[in-house]
């Protein structure tokens, strides 16, 4: 790693030999909370643009630019419908197209990460992630067509995917408690992202101005990483884990450590299956109720907000509830998907409020599967392999979402042909 890393390791060894060299307890406690808040904010900011693009999916696809307006998502757009006679009130393109644009670049990044991403230092990765997130908001806000808007969604996906691989790898060099804070932050991104888009548009702000108002989030991401996180060093594990001596190296301004191929090969099939998500988000557009005070676009936004609320609650629950047999959560998600698909086909649920509860429950399952899987990996993986295991395991999560989106496209077209 170079002279700087070697000097830090020597300091750590000296502290173990002479406890008087250890930082005072209050300093260690301060570093603990800085890192906890830092990883929570990184999780929040990293997933924020991804969630906002999903929340804006119906607006991106269901409207064309009104005469005289300069943005594809300007106020008072003209609605277009693929099949006005369909009971689903379908768009010409499924919202699964936005889901795919929001997830496929992330999948590519995660698949290629073990091949060479470790050669890039952490700081340029984080900077690239922040710039892409800001670019996504600007491009979608000022776009003139669905195609350009989807390019903006792709930028959000690149930002989220690169950030997730980077920050999950970085958790290997901190006490295991930061995994809980990171997971809670990603859940907070879902809730705050969906709620802010819903609230601002409900309050009368145009989708364009709503997106532009969120440009402070990428700036907060960069601030949290460069100014808030401490370099991994001797820390109080706080009962959640321990900072390994080998991990006490300054990563923020140094080269990334070497990943070790094959280090995640001992992960159980149950853990891999649990992270392999089945997402029902692609069905939300088709869960349409005509006899309600909410428009189709508003219903979709509420679905997104409630799903993300469930994700936030369960991803923040690790200190209260830990689940070892996480495969059961994946099974329940599959059953939930089958139930909602049956309702889309048969329309047997009498009230939108029942759908609200089911979607909230789906979010609870997804969030719990995420945080408990990565926590279990952190417990069961050796310190030298933990960084690589964290980065590669999240591929399953993205692959599951990608397959859900691909399956939803033909399903959308088929159902929208029904009267």
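Backbone N, Cα and C define each Cβ position, glycine as well.
Just so you know, TrEMBL annotations are computer predictions that nobody has curated.
The following features are taken from TrEMBL:
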type     : residues : note
REGION   : 1-29     : region 'Disordered'
REGION   : 65-87    : region 'Disordered'
TRANSMEM : 37-57    : transmembrane segment
TRANSMEM : 93-113   : transmembrane segment
TRANSMEM : 133-158  : transmembrane segment
TRANSMEM : 179-199  : transmembrane segment
TRANSMEM : 211-229  : transmembrane segment
TRANSMEM : 327-346  : transmembrane segment
TRANSMEM : 352-371  : transmembrane segment
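The largest share of C-beta pairs under 8 angstroms with the transmembrane segment (37-57) comes from 179-199, of the ranges 93-113, 133-158, 179-199, 211-229, 352-371. Where the transmembrane segment (133-158) meets the stretches 179-199, 211-229, 352-371, the count of C-beta pairs under 8 angstroms peaks at 211-229. Beyond the ends of the transmembrane segment (352-371), by six or more residues, the same chain brings 179-180, 183-184, 186-187, 190, 274-275, 277, 279-280, 284, 287, 289, 292, 294, 299, 302-303, 306-315, 317-318, 321, 323, 326, 329-330, 332-333, 336, 339-340, 343, 397 to within a C-beta distance below 8 angstroms of the stretch.
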